[in-house]
Each structure stands twice: as C-alpha cells, then as structure tokens.
Amino acid sequence: MELARPCSNFQSDLDFCPDCGSVLPLPGVQDTVICPRCGFSIDVRDFGGKVVKTSVVFNKLGTVIPMSVDEGPESQGPVVDRRCSRCGHEGMAYYTRQMRSADEGQTVFYTCINCKFQEKEDS
C-alpha cells in the first residue's frame, strides 16, 4: 500500500523543489531528480520537452583615458604644507602605500607640485 504524499508547501516551476523551494539540479541519466536539500524526488519524465537556455552577458568595456607622465598618482591628491628640499617650494602632494609588513606603518610619498621632486617618509 502506497502512502499519499502530503501537500506541497510551494506551487512552483520544475526548476524549484515544491517542498523546500531550493533549485533542483538538471535531469541526468537517473530516473528521478532528487532535491539536494530535502530529498524530494520528481520523475524525469515530468521534465519532458523542457528546453534549457543559457546566456552570458559581458559588460561593455569603458573608455580608457591614458594618463600623461605628468599626471601620475604621485602628482595628484591632497597638498600639505611641506617645503621641497630641492627647490624650496612650499606645498607638496602626497599619497601613501603599505610597502612593509602590515604591522608596520605606511610609507608616505611626497611630490613637489613645482619641480616634481619626490621624497618618501616611513611612518
């Protein structure tokens, strides 16, 4: 005597388990498709005529604007009151990098906005 299966919790497409709502695997060589989450099984014949389509959408590449040699990351950024040791100009742009191990401070690179001379300071 076969037991009647209780009503499903979900009314769903064949892509989803009607008991738990999980995505069902694609039919294979077995006679049934078994839900990997709850164990619900469905006969492969129920998938007859179902067509599976896949597509891959690639994002368009953005326009790349090359930076000139004078416009590197070291000549941009915030300017601090620091005197250039080469030309004496007051005001240098800076940026930081983690050059050493993580438990040590950052390295600060200063660039004179007048003569483009670079200095570095380990902090």
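Positions of Cβ are set from backbone N, Cα and C atoms, glycine also.
The Zn(2+) 1 binding site annotation in Swiss-Prot covers Cys17, Cys20, Cys35, Cys38. Counting every protein chain shown, the Cβ of Cys35 (Zn(2+) 1 binding site) has 19 other Cβ atoms within 10 Å.
The Zn(2+) 2 binding site annotation in Swiss-Prot covers Cys84, Cys87, Cys112, Cys115. Taking a C-beta cut-off of under 8 Å and a sequence gap of six or more, Cys112 (Zn(2+) 2 binding site) has these contacts in its own chain: Cys84, Arg86, Cys87, His89, Gly91, Met92, Gln118.
Positions annotated as zinc finger by Swiss-Prot: 17-38 (among others). In the zinc finger (17-38), helix, strand and coil residues by DSSP number 0 helix, 4 strand, 18 coil.
According to Swiss-Prot, the feature zinc finger maps to 80-120 (among others), an assignment based on sequence analysis.
In this structure, Cys87 (Zn(2+) 2 binding site) belongs to neither helix nor strand by DSSP; it is coil. There are 15 other CB atoms within 10 A of the CB of Cys20 (Zn(2+) 1 binding site), with all protein chains counted. Annotation note: Cys112 (Zn(2+) 2 binding site) sits in a strand segment as assigned by DSSP.
Neighbour density for Cys17 (Zn(2+) 1 binding site): within 10 A of its CB lie 24 other CB atoms from the protein chains shown.
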